[in-house]
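Feature annotation from TrEMBL assigns domain 'Amidohydrolase-related' to 53-368. Positions annotated as Zn(2+) binding site by TrEMBL: GLU128, HIS194, HIS217. Residues or ranges marked as substrate binding site in TrEMBL: ALA139, ASN220, GLY221, ARG228, HIS255, ILE310, ALA311, GLY312. Annotation source TrEMBL lists active site, proton donor/acceptor at ASP277.
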Amino acid sequence: MAGMHVRGRVVSGAGVLDDGVVSVRGGRIEAVRPYSEWAGAEPDCAPLEFAGTIVPGLVDIHNHGGFGHRFDTVDAGEARAAAEFHQRQGSTSVVASVVTGAPDDMVAQTATLRALADDGVLAGIHVEGPFLSEARCGAQDPRFLTDPDPALIERLLAAAGGQLRVMTLAPERRGFDGAARLLAAHGVVVALGHSDANYAEFRGALAPGGPGTLVTHLANGMPPLHHRAPGPAAAALVAAAERYAIVELIGDGVHIESGFAALTFAAAPGRVALVTDAMQAAGLPDGEYRLGPQPVRVTGGVARVASGAIAGGTATLLQCLRWAVRECGVPLLDAVRAATSTPAAAAGLADVGDLRPGLAADAVVLDEDQGLRRVLRHGQWLT
């Protein structure tokens, strides 16, 4: 099978290669090397044009939909369209998120997403709820929030068929410990979020050997950081700084301010996962949309439910990466890792998130301003 070679400035987990070549064969990365080395090994090949900045395919582990399509659906075509929209925008790996709703609906939606994950369209499933705090529900429908129910977890696990990657729970809910053990026994990452816990409760769930290894959208769906009541945000930052946890940041410039993002990157280098928390309106104009069972109005690019709570994001992950670099002062290498290798590690996705021999041939070519040029997924150009 003929190979493919792409030349550019390679930015990946290994660092920055100013003039390198990514070689692809059979849907896998075959080699990453300096251009001079490639030219010496391939003397019969024509010189390669410089394509731009080459980064790994982006990995979005918290995504509810986009371009008018939702993941909280039993319509596989709709869910596929949402995934393909984000793939064309550079997120070659998307973990689809199911939002809190009626239990039967959540199970049916999970089963729909499982088929797409089995086919390689999705990188897995994230279930956000319903075992969350009413006080910090955000855009989660409070009618369906409840304490952890092992029977419902078993139904979700069965519906997911091994594709459930992450589940978000509030650690203060009665039955959290048992639920976390059940999920961990099935290889599911336990994420903490939508929580009104105090510092000790949240920190305890993230302690070494504790059940939690991921924090869902840090600073959103939890009390504000305060010097006399540090709460979940401080507990998460400490755990990430000590390398016991990874924290998600919604990098759209709406959910968090740039200064808080800069603080988080500085406090926990290598432990920040940029996510979109994207919903149906991502990539579309202002208007009326839905998130789970609730109607959403998008005004000025900001999605809100009737309560006024922000209802997910409308940005793509590449836009989040660009925001981190431009508005937060995050070095490009660190921002790329936060949108690729770190989220892949957080969700247990071993085959993606970097440009290394043997991994899936997923890459994004950017211009000098982090604008999108081309997207390579599984060795095929999407754009």
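Backbone N, Cα and C atoms are what each Cβ position is placed from, and that goes for glycine too.
Automated prediction, rather than curation, is the source of TrEMBL annotations.
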I'm trying to understand the geometry here, so how far is the Cα atom of ALA139 (substrate binding site) from the Cα atom of HIS194 (Zn(2+) binding site), in Å to the nearest whole number?
10
Write down the Cα-Cα distance for ASP277 (active site, proton donor/acceptor) and HIS217 (Zn(2+) binding site), rounded and given in Å.
8
Other same-chain residues whose Cβ falls within 8 Å of the Cβ centroid of GLU128, HIS194, HIS217, the recorded Zn(2+) site, in sequence order:
HIS62, GLY129, LEU132, GLY138, GLN140, THR168, ALA191, GLY193, THR216, ASN220, GLY221, ASP277
Where's the emptiest Cβ shell within 10 Å among the binding-site residues HIS217, ARG228, HIS255?
ARG228
Just to verify a number: CA distance, ALA311 (substrate binding site) to ASP277 (active site, proton donor/acceptor), in angstrom, no decimals.
9
If we count other C-beta atoms within 10 Å, could you say which of the binding-site residues GLY221, GLY312 has the fewest?
GLY221
Return the residues near ASN220 (substrate binding site), defined as same-chain residues 6+ apart in sequence whose C-beta is under 8 angstroms from its C-beta, sorted by sequence, else 'none'.
GLY138, ILE250, HIS255, ILE256, ASP277, ILE310
Average the pLDDT scores across the domain 'Amidohydrolase-related' (53-368) and report the rounded value.
98
Whose Cβ, among the binding-site residues ALA139, ILE310, ALA311, has more other Cβ atoms within 10 Å than any of the rest?
ALA311
Any idea what the Cα distance is from HIS194 (Zn(2+) binding site) over to GLY221 (substrate binding site), rounded to a whole Å?
4
Measuring Cα to Cα, how many angstrom lie between GLU128 (Zn(2+) binding site) and GLY221 (substrate binding site)?
12
